[in-house]
Amino acid sequence: MAVVSEDDFQHSSNSTYRTTSSSLRADQEALLEKLLDRPPPGLQRPEDRFCGTYIIFFSLGIGSLLPWNFFITAKEYWMFKLRNSSSPATGEDPEGSDILNYFESYLAVASTVPSMLCLVANFLLVNRVAVHIRVLASLTVILAIFMVITALVKVDTSSWTRGFFAVTIVCMVILSGASTVFSSSIYGMTGSFPMRNSQALISGGAMGGTVSAVASLVDLAASSDVRNSALAFFLTATVFLVLCMGLYLLLSRLEYARYYMRPVLAAHVFSGEEELPQDSLSAPSVASRFIDSHTPPLRPILKKTASLGFCVTYVFFITSLIYPAICTNIESLNKGSGSLWTTKFFIPLTTFLLYNFADLCGRQLTAWIQVPGPNSKALPGFVLLRTCLIPLFVLCNYQPRVHLKTVVFQSDVYPALLSSLLGLSNGYLSTLALLYGPKIVPRELAEATGVVMSFYVCLGLTLGSACSTLLVHLI
């Protein structure tokens, strides 16, 4: 097979990802032997002029995770709003203390559980509700919730702390569900595009975390009032969400995007185990199932993505087990010095900025390096190896410690290095698996497969968030 451009590696409506027996054992040959995307007669494949589509998907990737990142990064604001001002000066209300100490864990559970339900609903809606409607509706809900959150910044909630906590959790539930529909719909749509566009979307998600971390540091440095800082913080997110809505509306006007967004006629679902005849891309002998006009077939998708799904789930399980519940409670060993770097800026810098920047670097690496391949046993091996990060983080200066009193790593360098390693491995390994998923199925199943891969992400986040609450209580 001749060497072709990246666009030529996209599927036709009846194509499937195939590898030879040798490439199954060769990690370096991650994406060889894909069938060509042959445009219909008389239809020329357009170019992505000025990388417009790439930039739009990158920006939408930022917007897909920006709400969650802004929520968890504004820790100082939440601690300020949720402090129990009614507690006696000489003591502390145990219930209020529980809200403060385990707020990140509660927030993580509130964000992941509704995501699971919304992903199932979104899968069922793939062929029933147009992706255009799902994206715009979910963006509208996200924008409305963020406007409510922004409006509450200047409201005095000291007399109804628990009520504000309940409102915050409800907002996170709705926000998480809408964000899930938005991100999974966009990701599923990129399954029909060349892989560089999927990579742009995924890298954009990491950039959203980096942007929120940088914005948090700037706000903390520029404003002494945590409420003014949070107001600027949330207003930034609100403005960017409006920008995302405008960029998505612009996407359909680009010739390059319209080419890959053209409707795909229902065709057979190729199992991936049969050999395609050399003289035909769609021989009737290999047709095994017809796609239902309403609900995509789930079984062949699960079968093809089982190994990649495990990798995605376990990567995000380990990540959400540690970040943010464990990371955000690791304090500087020199906190008593009174330095701003060891108090005010320590967590935003060593946890949020380093993790998100490393995550961005890991995701961006996949644009040039795609090793191990989708069928390699090394990929799940590297994924399982990340389990070692759990005890390493616990042995840092996590506070408060109730059961495990010993702090092994007596330097602030360790949490910084571990956060970077957590982010880099999360970005690279998860992006590889997410990129491979929609490319190993026929093009007409790409969007549905994207939703399924998003479900694996959410499953890992849900399991990790639930276990993080238990881990926090055990330390």
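For all residues, glycine too, the Cβ spot is worked out from N, Cα and C.
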The candidate from N14, N84 that Swiss-Prot records as N-linked glycosylation site is N84
Is Q410 placed by Swiss-Prot on the same side of the membrane that P46 is on? no
Pick from S23, S86, S97, S339: which one does Swiss-Prot list as phosphoserine? S23
Secondary structure of the topological domain 'Extracellular' (327-337) by DSSP, residue by residue, totals 6 helix, 1 strand, 4 coil
Do any residues, 6 or more residues outside the topological domain 'Cytoplasmic' (184-199), come within under 8 Å Cβ-to-Cβ of it, and if so which ones? 6-7, 9-11, 31, 53-54, 57, 60-61, 64, 119, 122, 126, 131, 134-135, 138, 257, 260-261, 264, 363, 366-367, 431, 434-435, 437-439, 443, 446-451, 453-455
Mean pLDDT for the topological domain 'Extracellular' (399-415), rounded to an integer? 89
